[in-house]
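This report refers to the structure that appears directly beneath it.
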Amino acid sequence: MRSLAHPPLPEQRDFPSRLHHPRVAARLGAWLGICFFVAFATGLVSHLAQQPDSWLPSRPVWGYRVTQGIHVAAGTACVPLLLAKLWTVYPRFWIRPPRQLRELALHGAERASIGVLVAAAVFELATGLANVTTWYPWSFSFRPTHFAVAWVAVGALVVHIAVKLPVVRAALAPAAADEPEPPGEGLSRRGLVRTAGVASVAAVVLTAGGTVPWLRRVAVLAPRSGTGPQGIPVNKSAHAAGVTATATDPAYRLEVRYGETSVSLSRDDLLAMPQQTSGLPIACVEGWSAHGEWTGVRLRDLLDAVGAPRGRSVEVSSLQEHGPFRVTHLPHQYADDDLTLLALALDGEPLSLDHGFPCRLIAPNRPGVLQTKWVRSLEVPA
Amino acid sequence: MRIRILLGGLGLAVAAYGAWLLLGDDLADLVTIAVWLAAGVVLHDFVLVPLTLGVSWLGLRVLPGGSRAAASAGLVVLGTLTVLAVPVLGRWGANTDNTTILDRHYGLGWLAVAGLTIMGVLLVLVAKRRSGGPGARRR
């Protein structure tokens, strides 16, 4: 009898449940793969939208709202699917390595690729879930890291599909569906796949309240209920940005510059200019979004006041003195769009301090972090 | 076979691009990223899986045979949703000067999800009993 102090390591045959089967793994894997690729594609859109020289069009106005909402929802849907998938294939973790050198090398390579895939996939979901609650328990920069590891995860996923293609083909073949399941007491294979699907849909419904307004009441696990001052959530408060004093200073002036030409405008000067109302969503990288009726001066009118030609991008500076979004770069297609405003009011009331008083940028189809608040200057490089 | 080699090559190139992007970081960040990458695998394989196996083992001993399928389904739903809810339940991202983030009672929300899941499991069991006792399941 073996000593209890050194119990033998489990082997694959120690997990006899009928659920540890390639058909379950292939079906869960197919859904998981779809969700991962959707999250990757929408993530690429978001990454591009945040590049200073983005060529994304300014229409449709709801474009970023939809792609980023889908990005976060697809990642959320992956959580139950990934956990169920990993559980299904878990006994394979205990397969003993083969003895022949050639087989051992292949076995090692496959294990390594799966190790990379699991590590990168869990990393993407964990950092994404923490980020949507504005929790950053790490020292690295979130966006470039989440972006880079996404490429690693998707690359490892494609390698995994290449390795498993014969198994997947056999498991998903129509003939395989007619094969009866082995008898047993517990959950059936079909039952597990359906349950993981239900959990995945529930995960999205319970968290999507900040994105889909009619889900607000049932989205009990959403990081944001989707409301806030003037009906819209806030990402960074005036206090956190350190602008409370400068934003409320009566001496505040907006500077608009093009080369040597510049104008200096108080909030009253801005209110005296022709006002336009644009119904535009504010859509955050964290997935939440909300529609607002923004009123203010068309950005193009301000650029015309200093004679800046069309087709030029604009440097938008905020009163905030620190932070990565203090100065943002507005590509020309947004600057020239008739809907783009330097907003002074939201839903008929003066902009609240947390929404960017005295004035903020609001452009169609843009990530929220680039809709600069507490705008101090607009500059078109000559 | 050719398509598998092509796919494999494509996957390696895509993953290598991601690794190359990461290499732009300084060493301290790379170490943190490596720790996070490894921690996910370790937490899953050596905490979450043993925990699931333990709960399943307990379930096998406590629950009557006919209720196992529904109970397992309930465990899959509630377990995965609980993992998903960790950041909102922990509230580590809460911010005193911004009340629009983490602005719900997540503990109550989780209890509601748990209650609904348990109710769903019980409803399935009652329906199964009515339709002909344990083990009577449609395929």
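Glycine residues also receive a Cβ, built from the backbone N, Cα and C atoms like all the rest.
What TrEMBL records for A:249-380 is domain 'Oxidoreductase molybdopterin-binding'. The annotation transmembrane segment is assigned in TrEMBL to A:28-49, A:69-90, A:111-136, A:148-172, A:192-215.
Same-chain residues lying 6+ beyond the ends of the transmembrane segment (A:192-215) with a Cβ under 8 Å from its Cβ atoms: 19, 24, 27-28, 31, 35, 65, 69, 72-73, 76-81, 84-85, 88, 221-226, 233, 286-290.
This prediction places the mean pLDDT of the domain 'Oxidoreductase molybdopterin-binding' (A:249-380) at 96. Applying DSSP to the domain 'Oxidoreductase molybdopterin-binding' (A:249-380) sorts its residues as follows: 23 helix, 55 strand, 54 coil.
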